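For reference, the structure is listed below as structure tokens.
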Amino acid sequence: MAYLILVRHTKSKWNALGLWQGWTDIELAPEGKEEALRTAEALRGLEINSVHTSLLRRAKETWNIIRDALKISPLTVEHQALNERHYGIYQGKNKWEIQKQVGEEEFKKIRRSWDHPIPEGETLQDVYKRIVPYYENTILKELKEGKNVVVVAHGNSLRALVKYLEHLSIEEVLNLEFGIGEVYIYEVDSEGKIVSKEIRAANPKLGKI
């Protein structure tokens, strides 16, 4: 048996301002650094053999704080496949102002739909198509070797991965939200199949952003 541990990065400066980040490389807010320490406590006691993060600073900073708090130094790999969804023309814009401009129905499609296009950006389906091959070709191999693997990524890249892991329908994934600093722990057997799941909400007061 092995453990797959999914962690969403903690609050960034743009999360605090309500701005769509996508691939914009934004650092953690001061409170995000404190949240990462609480996330570390949610992971304490778990042996961690390997770590995969996105290329984006907020994910890497989250992991670095967790690593230092736990005083561990597992092999760490950074890869673009784990990046957040690219929000195209909406990157850097305030999501609540966009909601007022485009209306509630279009706003929900922009935020949550499976394949609703964003100019110059990605759909959740696009994210799924890049993260699943990375999981199958890299992370899954480590899990089958009995290694406990941590993935530190983003709301949408983790939604896409959870869809694959839990065989969710498109309707189910539309309602799935992965909280800031939240931790999903999957027990995985030697064939790579999910045996059990536990959610540890390290920052329960934050809700979903």
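For all residues, glycine too, the Cβ spot is worked out from N, Cα and C.
Values in this document were obtained by computation on a predicted structure and should not be read as measured data.
Annotated in TrEMBL:
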type     : residues                                    : note
BINDING  : 8-15, ARG58, 84-87, LYS95, 111-112, 155-156 : substrate binding site
ACT_SITE : HIS9                                        : active site, tele-phosphohistidine intermediate
ACT_SITE : GLU84                                       : active site, proton donor/acceptor
SITE     : HIS154                                      : site 'Transition state stabilizer'
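The Cβ of GLU84 (substrate binding site) lies under 8 Å from the Cβ of GLN21, GLY22, TRP23, SER54, LEU56, ALA153, HIS154, GLY155, ASN156, SER157, each of these being in the same chain and 6 or more residues away along the sequence.
TRP14 (substrate binding site) is surrounded by 19 other CB atoms, counting those within 10 A of its CB over all protein chains shown.
When Cβ atoms from all protein chains are considered, those within 10 Å of ARG8 (substrate binding site) total 29, not counting its own.
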